[in-house]
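Visitor: Got a structure here, written out as structure tokens. Questions coming.
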Amino acid sequence: MYRFKIYYPGKTKAKFIKEGIDHYIKLLSPFAKVELIELKEGHGDKEKVTEEESKTILNSLKGDFILLHRDGKSLSSTEFADFIKDKSLTQFVIGGVYGVNEAVFKAASFRLSLSSLTFTHEISRLLLLEQLYRAITIIHGKSYHY
């Protein structure tokens, strides 16, 4: 059984995103345990928020983690499946509204880009879960990825 931990600051506010997240967690449940770790959202100006949230992220993590970041490496869905298939625990970090600081960027064992497009941090949560489900179906030979 795979384990995925996804760390992010702030609540998921949009109802349709919450529903999508719940949908993919349910689809993943026969194959993986998914933990969403909602961290405290920072307050203040951009710099203060980024520093607060980044400190909270680093203090919450144990071990290696993958940072979702626009400057990360792009992988195809099959490459992503190969990347996670031998890991029992995979931890992901999604930054808040302003992203993360340099310390989080450097501490990441891998930086993954979901796209060269920019997405909100809430949409990124949903997209990551969809890609995790797609990867699991590729690994298990299920008909979802064509």
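Every residue number used here counts from 1 along the chain in the order it is shown.
Cβ from N, Cα, C; glycine included.
This is the feature table in Swiss-Prot:
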BINDING   Leu68, Gly95, Leu114, Ser115, Ser116, Leu117, Thr118, Phe119  S-adenosyl-L-methionine binding site
Visitor: Once the DSSP letters are reduced so that anything not helix or strand counts as coil, what is Leu68 (S-adenosyl-L-methionine binding site)?
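Guide: SS state of Leu68 (S-adenosyl-L-methionine binding site) = strand.
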Visitor: Just to be sure I understand the packing, how many Cβ atoms besides its own are within 10 Å of the Cβ of Phe119 (S-adenosyl-L-methionine binding site)?
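Guide: Other Cβ atoms found within 10 Å: 15.
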Visitor: Going by DSSP, is Phe119 (S-adenosyl-L-methionine binding site) sitting in a helix, a strand, or coil?
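Guide: DSSP call for Phe119 (S-adenosyl-L-methionine binding site): coil, neither helix nor strand.
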Visitor: So the record assigns Leu68, Gly95, Leu114, Ser115, Ser116, Leu117, Thr118, Phe119 to S-adenosyl-L-methionine. If I measure every Cα pair among those residues, what is the longest distance in angstrom, as a whole number?
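Guide: In whole numbers, the farthest two Cα atoms are 16 Å apart.
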Visitor: Can you tell me whether DSSP puts Gly95 (S-adenosyl-L-methionine binding site) in helix, strand or coil?
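Guide: Looking at the DSSP assignment, Gly95 (S-adenosyl-L-methionine binding site) belongs to neither helix nor strand, so coil.
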Visitor: Near Leu114 (S-adenosyl-L-methionine binding site), how many other Cβ atoms are within 10 Å of its Cβ?
Guide: 20
Visitor: Have a look at the binding-site residues (Leu68, Leu117) and report the one with the fewest Cβ neighbours inside 10 Å.
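Guide: Candidates: the binding-site residues Leu68, Leu117. Fewest Cβ atoms within 10 Å: Leu117.
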Visitor: Return the residues near Ser115 (S-adenosyl-L-methionine binding site) by Cβ distance under 8 Å, restricted to its own chain and a separation of at least 6 in sequence.
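Guide: Residues satisfying the criterion: Ser74.
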